[in-house]
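*Asks:* Got a structure here, written out as structure tokens. Questions coming.
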Amino acid sequence: MKRLVWLCVGLLGLTGAATPSTPSVPKASLTRLTSGGCCSGTTWSPDSRALLYIDRPPGAAKAAIYSVPAAGSAAPSVRLSRIAFYAPDLTYAGIPKGNTMLVERLSDRKQWTLPTQGGQLLWGPGGQVAYTVSAQSGNYDRRIGRVYTTALGNTPRAVSTVYGGGAVAWLDANALLVSGKASALVRNRQLFTLDTRTGVRHVLVTALNLRGVQPSPDGRWVAYAITFDRVDRNGMFVQPTGGGAARKLAWFGSYQWRDAGHLLYIPLTMNAATHIVWQYDLNSNRSRPLLDLGTKVQSDQWQVSPDGAKVAFRRAGDSNLYVAKLP
Amino acid sequence: MKSRPLLSLLLLGGCVGLAHQAPALPDRQIARPNRQFGLPFAGNPGPTTWLLGQGYGNTLGSYRQRRSLYGNIQGIHFGLDFSAPCGTSVRAIGDGTVSEVDGPHGSPPHNLVIRHAGGLSSLYGHLLERANVRVGQTVKRGQVVAKSGDSQGTCVSAPHLHLEIRDWSHQRLFNPLPYIAADWDTLALAGGFVRGYEQDLNNPRRWQTPDDQPQARRGGPLLNEYANPWPPAPVGAR
């Protein structure tokens with residue numbers, strides 16, 4: 001669950017609100033990993049030692065998934081010749097085939113076919129997957145979405161129906177995080193946990209717009225943003241997934257979990273000279289500036305390494321990939 | 001002198017009518033992008049005010065609708081979307097003259113076109129109600145000219161403003177980013193309701209950044225009908 005998962009209409013939330021003025025912040029020492037402006041859709045390797053991205057450098061015969069060491073110690077090279085939706089731990093690949101998804105276990109090349117109809121796979125513990133089959137036409141937030149789960153090799157099972165949404169992430173082996181409307185014509189959408197064995201739902205929050213829903217790596221908390229609802233309801237929140245009140249945060253920005261207890265975020269502070277990474281501590285409920293990137297991130301493309309020690313980002317201006325160590 | 005406004009209106013209307021049939025303006029008549037315009041909303045972005053939504057160009061969302069919603073403009077998202085609650089005041093991005101109110105340019109339920117210097121027009125789409133300005137009226141940059149609405153007509157589903165920069169003939173559409181003075185890198189942190197750009201695996205670096213997006217022409221061939229697209233569009237998307 002370390003990797004980010006997005007609502008189908010999802011986004012990282014952001015705003016101009018409430019990050020305090022910035023005291024002296026350590027300046028990042030950047031390592032440039034690429035040249036030539038490659039690297040959209042970058043992800044970290046599971047061991048936090050390399051970055052992976054789709055590319056076809058000049059002279060290459062075809063596109064592939066390239067890898068470049070985070071230490072900057074070597075040039076990019078082909079890591080995976082087949083382009084597919086890979087599980088974050090690189091144990092499975094999802095290959096779209098028409099209205100199905102061919103899932104292959106990379107260790108033995110065993111394959112399964114799932115009738116996803118274009119739905120993205122959410123890789124769960126123990127060889128489980130979830131996906132949402134959504135209508136492709138009609139009002140965006142009234143389109144029916146049916147959530148399916150399966151352990152590979154079994155028949156997929158419909159576990160939930162929502163409108164204008166779908167499954168967001170696995171919280172553990174038996175629980176999914178789902179967002180959507182309970183019926184097509186209601187105003188608000190819900191964010192709820194779903195026990196995939198019993199079908200029991202626990203609604204965490206109901207709001208007009210829920211954005212950037214991201215469970216913590218241990219699945220015990222979820223971060224989300226509410227936008228364009230009542231003024232007093234809008235903002236950035238964290239909430240325990242097992243029950244408990246939401247905590248409204250004093251900042252709004254692009255955010256990612258560093259570990260189970262810390263969120264990293266870049267505030268939406270307009271016209272600042274550089275982007276600064278802040279850290280919010282779940283235990284102390286406090287934020288502090290962590291690292292001044294000394295430049296700006298392009299298109300919100302920044303990724304925290306799975307071990308929480310580094311941040312990679314695509315730099316505005318040259319569109320190349322850079323890495324910095326986090327304090 | 002009383003007849004002058006009416007005459008201006010008639011002349012402008014005639015020009016607009018001709019412009020719909022007119023050939024695209026050549027490059028020499030189009031002002032170069034120089035951050036000469038402003039944002040269509042006042043104040044800071046945020047969860048209560050407004051956020052950047054979908055970017056211009058070869059977006060994932062436009063690819064999925066390249067033959068339908070965006071088929072007439074070469075399959076790309078030919079404007080910028082700004083998410084905002086219905087009724088948010090929309091401001092003219094530059095000095096100009098109102099050339100059309102609810103003209104034949106889509107972006108329902110209501111739209112507005114302002115003609116600027118340098119061969120450029122701005123279009124404001126999915127407005128909540130008919131804009132309270134008249135054709136021929138002069139407007140100044142930052143002046144409130146309309147209220148934002150919702151492309152789905154509900155003020156709940158997808159409330160946003162669709163903003164385009166076109167040539168006067170309405171045949172050419174331009175990436176607004178280099179024309180509008182704004183901190184786009186920071187605005188993009190808010191993400192969008194359609195994230196990222198479609199890739200052509202035969203040329204995966206092309207059109208992958210906000211600054212590197214193609215111009216579009218009305219009625220031209222699809223720019224993103226890729227033989228080897230990534231990600232593939234969901235079944236049923238066209």
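Cβ atoms are placed via backbone N, Cα and C, with glycine included.
Unlike curated entries, TrEMBL annotations are predicted automatically.
In case it's useful when we look at the structure, here is the feature table from TrEMBL:
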type: COMPBIAS; residues: B:201-212; note: compositional bias 'Polar residues'
type: COMPBIAS; residues: B:229-238; note: compositional bias 'Pro residues'
type: DOMAIN; residues: B:76-167; note: domain 'M23ase beta-sheet core'
type: REGION; residues: B:201-238; note: region 'Disordered'
type: SIGNAL; residues: B:1-21; note: signal peptide
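Just tell me what is around each of these and how deep it sits.
*Replies:* In the predicted model, the domain 'M23ase beta-sheet core' (B:76-167) has a mean pLDDT of 97.
Beyond the region 'Disordered' (B:201-238), the same-chain residues lying 6 or more positions past its ends with a Cβ under 8 Å from any Cβ of the stretch are 24, 55-58, 60, 62-68, 71-76, 78, 170-175, 177-178, 184, 188.
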*Asks:* Take the compositional bias 'Polar residues' (B:201-212) and count its residues per DSSP category (helix H/G/I, strand E/B, coil), listing them in that order.
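*Replies:* Going by DSSP assignments, the compositional bias 'Polar residues' (B:201-212) contains 0 helix, 0 strand, 12 coil.
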